[in-house]
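Reviewing the structure listed below.
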Amino acid sequence: MDNETSNISAASKYESLDHLNARYSKALLPLTIFLAILAVIGVVGNIIVILVFSIGREYKNSNFKIFVLCLAVVDLITCVSLIPAEIAKHFHYFSLESEANCKIKCYFNVFGSGSAALTLTLISIDRFRKVYQPMKKQIWPALALKLCMGCILFSIILSWPAAQMCGIESGPMKNIYGGRTVVYLCGAEKKYQKSVWRDVYKYVLFMLQGGVSIVCIFMYIMIGRVIVKNWGDHNVGNTLKFDSSSRSFDSSVKESIVNEVILGPEDVKTSSGGVQIETEQQQEQQPKKTLRKQSSVFSNFSSTSRRLSSNDEAAKRRMFNRQTSGFGFRQFPYKTLIWFILTVIFIITYIIYCGLSINVAMVFTLSPRGFALFAFFFRLYFLNNVANPIIYAFLDIRFRRSCKKIFAMAKHCEFCRRES
């Protein structure tokens, strides 16, 4: 009788895996929709980035182009592999059966984070050298490409242990009836669950992430100090410089107008000694011709002066821009700002990920709502794979211009195809 009672009691506390998955997938639905939006934006955005920087005429062969393409390729791989896999997992979170899928997911997880971390560190080193060692030999595009390939190759090697150690991990989880249901998650293989090598590998990844974060933060702090100092000094100095150059520009323009109008183009001869005017005796030899010439010039004086007065400000601005375009601090450092924002997003999201990874076992005790909140912050690092195209669109006018051109070309090709 007691055995029957205990069996009935145990059966009443049993919850099937299908029912458990249904409850948690319902709680994860907002996160599922959010990840689906990220996947669409990431795939479309990174494809556009690759097209713009590969075939667009706005970008020459530069380090900026190489770094952008490297990050775009890594982000695209993540958006077509990891994010869809995470979305699919939400519908059977606690009943994973395929060990191969688990290993592939772990591999791409480490590969994506490692490639992005090393590439962003390489970018920060390149920015640092341009600011602090501008006169020394810089990283040239061919070397930048080799270094990016090296980062990707190192990440491929670094990811292999993750694929080897990952597997299906089982454990009891409290269900809706207060009982325990055995669940199956993508975790560590049984033989590696208590292995010292798994702990060593985990600490190596944490140290790599921590080291990258410290290096990037230090370098961008130093870069920011120099940019703020030189940007402020330049604005003050160039205001005075521009005013003096404007006055000299105005006087030279006015002098050329007077010489051309009063004397005539043929009467003003420039030499190494300056302006040379024909003598009075030479002018008396052809008085009528000179008078006709001056009368013609005076008739065009009004239109000439108006044209020059409307264009001299634009000419001064063009001359000023040409003078200041060669020095990095004299333009707004939008490239450095782009890399800084992307690095900050990467560091913040992966610090959250690493912190939650330490207490990942707590998912067995969380309610569906608490589990959904945990999963949201745990996978927040997917923002890194989507942020790049958005930030380029906001901060890089050349990127927007190239997108418009490519869309116009695509629209024209579609129109021609329909006409044919």
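Here the Cβ of each residue, glycine as well, is placed from N, Cα and C on the backbone.
Note: TrEMBL annotation is automatic and uncurated.
Residues or ranges marked as transmembrane segment in TrEMBL: 27-54 (among others).
Residues annotated as domain 'G-protein coupled receptors family 1 profile' in TrEMBL: 45-392.
Long-range Cβ contacts of the transmembrane segment (66-87) within its own chain (Cβ-Cβ under 8 Å, at least 6 residues beyond either end) map to 32, 35-36, 38-39, 42-43, 46-47, 49-50, 53-54, 101, 104-105, 108-109, 111-112, 115-116, 119-120, 122-123, 126, 141, 144-145, 148, 151-152, 339, 342, 379, 382, 384-386, 388-389, 392. Feature annotation from TrEMBL assigns transmembrane segment to 66-87 (among others).
The transmembrane segment annotation in TrEMBL covers 107-128 (among others).
Residues or ranges marked as transmembrane segment by TrEMBL: 140-163 (among others).
Residues or ranges marked as transmembrane segment in TrEMBL: 200-223 (among others). Residues 110, 113-114, 117-118, 120-121, 124-125, 127-128, 131-132, 158, 161-162, 165, 336, 340, 343, 347, 350-351, 354 of the same chain lie 6+ residues outside the transmembrane segment (200-223) yet bring a C-beta within less than 8 angstroms of a C-beta in it.
The feature region 'Disordered' is assigned by TrEMBL to 269-310.
The compositional bias 'Low complexity' annotation in TrEMBL covers 276-285 (among others).
Look at TrEMBL and you will find 295-308 (among others) tagged as compositional bias 'Low complexity'.
Per TrEMBL, transmembrane segment is recorded for 337-364 (among others).
Residues or ranges marked as transmembrane segment by TrEMBL: 370-395 (among others).
This prediction places the mean pLDDT of the domain 'G-protein coupled receptors family 1 profile' (45-392) at 77. Here the transmembrane segment (27-54) has Cβ contacts under 8 Å with residues 65, 68-69, 72-73, 75-76, 78-80, 83-84, 86-87, 90, 93, 368-369, 371-372, 375-376, 379, 382-383, 385-386, 388-390, 392, 399, 402-403, 406 of the same chain, all six or more residues outside its ends.
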